[in-house]
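Chemist: Here it is: the structure, laid out below.
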Amino acid sequence: MSGARRSLLKRLTGHGIPLRVGALSAVLLGALIVSAAMMAWEFTANQKRISGATERFHQLQVAASADRHFGQLRYWMTDLSVSLLTLSERNANTARDLLEADLAELEGFAPEAAAQIRQAAVEYYDNALRAVDAYTEGNRVVGNTFLATARQGSDIVDVALADLVASLSQDTRSANLVAAEAAQQAQQRAIIASVAVVLLGTVLTLRVLESILRPLARIDRAMTQLNDGVETPDLPPEGPDEFGRMARTLRTLHDSQAARRVLEDEAAEQRRMVLTAIETIPDGFALFDADDRLVLCNARYRQMFAPAAEAMVEGATFEEILHAHLDAGLIDTAGKSRAAWVAERLARHRDPAGHRDEVLLDGGWMLVTKRRTPDGGVVAVYSDITEMKTRQVELEQARRAAEDANEAKSRFLASMSHELRTPLNAIIGYSEMLIEDAEDTGQTEPVEDLERIMAAGKHLLSLINDILDLSKIEAGKMEVHIETFEIAPLIEDVQSTVTPLVRQNGNRLAVVIGPGVRQIETDKTKLRQNLFNLLSNATKFTKEGTVELSVTRDEDSLSFAVRDEGIGMTPEQQSRLFQAFVQADSSTTRNYGGTGLGLAIVKQFTEMLGGSIAVASEPGKGSTFTLTMPVAYPGGDKGAAAEPETTASAPCILIVDDDPQSLRHIGDLVEAEGYGILTAGNAEGGLALARRHRPAAIVLDVIMPERDGWSVLRELKEDPDLCSIPVILATVVSDRDMGLAFGATDHLIKPVDPKLLAARLNELAGQGGKEVLVVDDDPGTRALFRRVLVREGWTVREAADGEKALVQLEAKRPTLMVLDLMMPNLDGFDTLRKMRSTESLADLPVIIATSKDLTRGEIDWLKANAREVIRKGAAGRAELVAAIRRVAGPPNASDGQGL
């Protein structure tokens, strides 16, 4: 038995701790179950014995009860026979019932005895009742006889009950003795089983604990050795159980410790190398941990802050180091308090985010660069940038000198543009006037020479303008003025301007406008100049061919393609295009002339407006320049918005016509007379403009789609606010009477006669003769303006500068004033400021006539303080006349005279 137990324990120690503990628990539980089962069986058996004994005792009690109740019956019957009382009879009946109940229970375990007793009791009761009856009747002899018979039955019952009680008493004593002996034996067996289970559990528990504690002690000893750094610890043997696995883990730990020692040695070597590298870098280096404490730094860092080097030790906080720097007087806080400066530096240090900070240190400059490390620390590099700062100061001085030089150049160009343009404007203006005078007097011989003079002046003025434009572009001072406008009128304007150049070389100009081409948002002037430059180049290099301008739309852009049939270009020549003062080659300059500025300006203007330009060309076959412009201007700043060409005091004429050609033709006629114009392409638009602007007169076409001119005329005359506006019908329908019947002022047949239209407008919206003051420092310009204005019917006064103009203005206020900007003593800007600050001159209409290149700010200011701004130049005379007419209306020529 002991050998089997040892074998079992040996097998258990080869398994895991849970199995061992489980097996021990199972054995102990099994022993407990067996002992409990045995005690339960003994308890059940004893319970049965005790139940038997109890049953015997109960039977004995029943037999005794029957004997007692029969005795009571016998007593009460005897008493009844003597006393004959009813109470005795009732008590006898009660005793009889109780006896009957006892006999009924005796039948369950002693039926024969119960039957015998019942029979004898019944006989006794019957005979006793007969005796009572005899006594009652006074027959005592008979009563005594029956009573004697009853006593015999009573004796039988007594004997039977006595035997039954004796038998049951014996059975009860026997059952009690058996139960007591069995209980004693069960107690002894339970004690033996409990002792056996305790002994078995103790032995098994000790053996299992031994199998656990012994290897655990070896593991503990090995772990202690590993913690103490023993290189060859006494490791327990490996095995399949937990301790074997722990032994493997310890061996792995031992191996990892050995590897870690190797890695630590390597890391120490690398750290020494890193420290050596940090020491060799020319900049200061410092590493702070997540708690802002100094981890390491190089000698250069300490050298930079040498007076505070004692505070710069490992473990010192960044704040302590800052205070040490301040105490040593190393840092210039730029006027900030000590606390504020330290708080600012701490905030930047704790949230570096690659922050670069320049610090003035002891007369020099230091660049501090900080970055956050992955573990929350901060690495800082301190670089001496004193020399770089010195160079920056030198570069800043050089930049300022360059800006001053550029500004001086701009002032020079502005001055030169005024000085060059002023005599050229006079040359061009006088040439035009002399040509008109010669044509009026029939002297045709000098006209050709005068035209050459005027053409040369215009060409020279164009070159000056190109050079100034390029200079402004290079200086970044070229401004854009964005507006939304229709493409077709712009193309017609460019076509009419370039047509004379096209015809010079016998060329033909073809214009193709594709579907969907309507409006564009861009700088109208610069787009017009770009198209003119491209078309003039195309016609210059083409002879007796076709120059085509096509406009197409592609989603959000418009393409302007200028194709010619000229000399074409090689790829090498194309590579030199769009450069200032550069043409395809030297032969091009010799044969065709030019400065090479046109395409350079086109490219610059196009890119300023968000577009692009491309060229496709083959030698001998011609070239195609494609200008691509966005439909909507992509820039955020759109410059000054385009102002309508009408002014508050110039009469405004509304033209309503569905034909664009007719609309433009009549508009040109009206503008030529000095009126402002409003145009509408349909009836609804015309009515809306009439209500919004209340024009001085309306020129109305009759035949229009959707709604004709008759209905418009009727609605105008029915509107109380519009019925007084004169309406001139201009249509191919010759029905003057109908128009007048509807309320028209006059009726003109298309094509409209310009003189007749001008006469009718002057009658309806014109004004009388007026006086103009011309203020310009150039006598030639004043003389030119005098001749032009006198010819237009104006009374002209002159002033050579702003001071003289103010004197004349105080003496007499003119109708309007033509003012130059660049003048000695008091220039045009200051003159205009003084006028606007003088109550009597604050509302005097002023037309600015200048050759100065204006900035956007100057343009905005002049728009707010002057009625018109015109540029002296090739069209200066015509622009002046048109501007005066827009401001003051067409004067009566018969009233004008010179001074």
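Placement of Cβ uses the backbone N, Cα and C atoms for every residue, glycine included.
Note that the structure is a prediction, hence the values are computed from the model and not measured.
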Chemist: Can you check which of 44-74, 385-415, 478-508 TrEMBL lists as coiled coil?
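Modeler: In TrEMBL, residues 385-415 carry the label coiled coil.
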Chemist: Hey, how far is D820 (4-aspartylphosphate) from D701 (4-aspartylphosphate), Cα to Cα, in Å?
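Modeler: About 41 Å separate the Cα atoms of these two residues.
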Chemist: Using a 10 angstroms cut-off on Cβ to Cβ distances, just flag whichever of D701, D820 is the loneliest among these modified residues.
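Modeler: Candidates: the modified residues D701, D820. Fewest Cβ atoms within 10 Å: D701.
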Chemist: Find the average pLDDT over the domain 'Histidine kinase' (415-633) in the predicted model and report it.
Modeler: 77
